[in-house]
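Novice: I have a structure I would like to understand better, so I am pasting it below and will then ask my questions one at a time.
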Amino acid sequence: MAYLDHAATTPVLDEALEAYVATAREVGNASSLHASGRRARRRVEESRERVAAALGARPSEVIFTGGGTESDNLAVKGIFWARRDADPQRTRVVSSAIEHHAVLDGVDWLGRHENAEVGWLPVDEVGRLHPDALRAELAEHGERVALITAMWANNEVGTVQRIAELAAVAVEYAVPFHTDAIQAVGQVPVDFAASGVAALTVTGHKLGGPVGVGALVLARDVAAVPLLHGGGQERDVRSGTLDAAGIVAFAVAVEAAVKGQQEYAARVAALRDDLVRRVRQAVPEVVYNGDPDDRLPGNAHFSFPGCEGDALLLLLDAQGIYCSTGSACSAGVAQPSHVLLAMGADDDRARSSLRFSLGHTSTSDDVDAVIAALPGAVERARRAAQRTPR
Amino acid sequence: MRVLAAMSGGVDSAVAAARAVQAGHDVTGVHLALARNPQTYRTGARGCCTLEDSRDARRAADVLGIPFYVWDMADRFHADVVDDFVAEYAAGRTPNPCLRCNEKIKFAAVLDRAVALGFDAVVTGHHARLGSDGLLRRSVDAAKDQSYVLAVLTREQLDRSVFPLGDSTKAEVRQEAAARGLAVADKPDSHDICFIADGDTRGFLAQRLGETPGDVVDATTGAVVGQHAGAYAYTVGQRRGLHLDRPAPDGRPRYVLSITPKTNTVTVGPAEALEVSTVRATRPVWTGGPRPDQPIECEVQLRAHGVVVPAAVTVDGDQLHADLRRPVRGVAAGQAIVAYRPDPAGDIVLGSATITD
């Protein structure tokens, strides 16, 4: 088996799992006043400090959530509502066409249900946003913009944005900038304060923590209307009994991922570069998508002309190679990737794409396995596509 | 063998896949997404195109421990089955979309793709027998037999098909599903036409073909006896829903005898006028033996779940001719005539063709 889908989820680190189990064995609600509550609270607050330190934030800026989708929704909707409440003319949201659906669909929902206007920032052919486009958008509509949301690194094609440059433009116009950094933390240097963003999404299971826990790092002066009302936990922004075990494990994973980031990136990028070089050798007509240089260390995203990505996936799966077409809807019907379409790819190129994402458990054996299986799979998938014209 | 199991989300295809696994095949499950917008087809157990059905299929595949994928065949299905269905009605014929789906989608587009991807055959949950002799036979469960809608398959298609359920009754299939822990064991049978969610075929056609009012004419007197909103909404042999202004002179019920799109006329008449003794059909497929240049005695079935009558059948080029030994009522153009040879091991499908008149 060769697991090359770390961008979907990556194995939990042993130390995170052990921390989870140890904490889960202890009874205690972090909101209780007695000793067991205090013990749970101590674990949560220590974790908050560890996450904050790892991400260049203050502890009070870390809001624990149930994961990336929740954090994105809280940022997009919560900041929109708070800003509009404070100033009714701020009804515009600025985003990019390559966001993950957790952001994209939230923005779209605001458009349909809250009469928000949406300004979509374009990306270039490698999936990069340009500060000039943001500046032009804000120069024209700045007075009415509630927030900007743009991802740090793209989950499909791996392109890493120059977030600090974008955030600096937002600061000029005093508009809060949220970034979905789910794919970035642990892969590239991420420093909340230094980046200048107002809000940042991070989740556990992409960096060796458990699924179902994450955080929104929210600058202290940025208000957000809660999605979940209740006991008033987490600055009143996110109610619900704190998942002490999950939070402890999450903090262990974040700390480890950030601490080991440089070494990790060097090792995994070398494996990835080897994979890319050999894929190009084996399938010369392959298209390497995304920014060739400024990209996530574990990401290799290709289009295989004349093939359908889902046929390739099936064929590789049958040989124990796990990768992704990078886009799936709930019914499992493959749609052409909105990211590639936004980058100017045509429908065929978008449908012919496949993502290999390496991670902390990847080895050169995984790369060898891909190279052994891929040429045959490509040939077969190409034949299948010829037999079944769309 | 490496086989692809088409899994609709129903009990039959789940058990068929399970049996293929048990037989030692390397099985991959595929659910065909046939609806362009699955949400609008969300009607529970009627068809095979809802999101719920897709999830049921996936759940069954997970229980069986086989890979599972969804293949988007919506465009093909729409062009080859739905559009064809509408066009056939518009031309005054009565199509069978399940048969067309087998012919064009399941055992054509899907099978071709499967073969290209390295699979040896397609497994489905159809109730029909297909043994090592390569002959297609009726299911042991006469009430559930689907050989009629499979009779359109060619030799090449049959050679790459596996029907594991033909020797079992539906009740046995359900029992087996329960014993195997498949949650679809009690799922109601699908029925009617999967792409007409509310079962209102007339409304579905009216939406696509518009209202085209015309005359209902009595065949005996030539008199206009009523109006219709669109001749496409009628099927030969139909009695209900004619809304005739006047009763027949003899007071007996009247039936649709024919539909003439050219003049937009529906012709009605007495039951005996429906009786047909010869059937002509086109595009014959013959898999149960040598093509009969001379008339051969066999049995024919002229619609799904229709009666079976003895007949002498000849195939000449792309035409099939059947002399029925006993007249049959309500033979509709567009339906298939399927020839069977009675056999104690299950009646054998000899061949089929599309009825022209």
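Keep in mind that glycine also has a Cβ here, set from the backbone N, Cα and C atoms.
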Novice: Per TrEMBL, what member of B:L32, B:L135, B:L136 joins B:A6, B:M7, B:S8, B:G9, B:G10, B:V11, B:D12, B:S13, B:G125 in binding ATP at one site?
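Specialist: As annotated by TrEMBL, B:A6, B:M7, B:S8, B:G9, B:G10, B:V11, B:D12, B:S13, B:G125 share the ATP site with B:L32, chosen from B:L32, B:L135, B:L136.
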Novice: Once the chains shown are all counted, how many other Cβ atoms turn up within 10 Å of the Cβ of B:C194 (active site, cysteine persulfide intermediate)?
Specialist: 23
Novice: For a three-state summary based on DSSP, what are the helix, strand and coil counts in the domain 'tRNA-specific 2-thiouridylase MnmA-like C-terminal' (B:278-355)?
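Specialist: With helix first, then strand, then coil, the domain 'tRNA-specific 2-thiouridylase MnmA-like C-terminal' (B:278-355) has 0 helix, 49 strand, 29 coil.
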Novice: Average pLDDT across the domain 'tRNA-specific 2-thiouridylase MnmA-like central' (B:203-269)?
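Specialist: Taking every residue in the domain 'tRNA-specific 2-thiouridylase MnmA-like central' (B:203-269) and averaging pLDDT yields 85.
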Novice: With DSSP helix as H/G/I and strand as E/B, how many residues of the domain 'tRNA-specific 2-thiouridylase MnmA-like central' (B:203-269) fall in helix, strand and coil?
Specialist: 10 helix, 21 strand, 36 coil
Novice: If you measure from the CA of B:D12 (ATP binding site) out to 10 Å, which recorded positions from the list B:C101, B:H126, B:C194 are inside that radius?
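Specialist: Hits: B:H126.
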Novice: What is the separation, in Å, between the Cα atoms of B:S8 (ATP binding site) and B:H126 (site 'Interaction with tRNA')?
Specialist: 11
Novice: Name, in the order they occur in the sequence, the residues of the same chain whose CB lies under 8 A from the CB of B:Q335 (site 'Interaction with tRNA') and which sit 6 or more residues away.
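Specialist: Set apart from B:Q335 (site 'Interaction with tRNA') by at least 6 residues yet with Cβ under 8 Å, we have B:T94, B:P95, B:N96, B:L302, B:R303, B:A304, B:T354, B:I355.
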Novice: Including all protein chains displayed, how many Cβ atoms other than that of B:L32 (ATP binding site) lie within 10 Å of its Cβ?
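Specialist: Summing over all protein chains shown, B:L32 (ATP binding site) has 24 other Cβ atoms within 10 Å.
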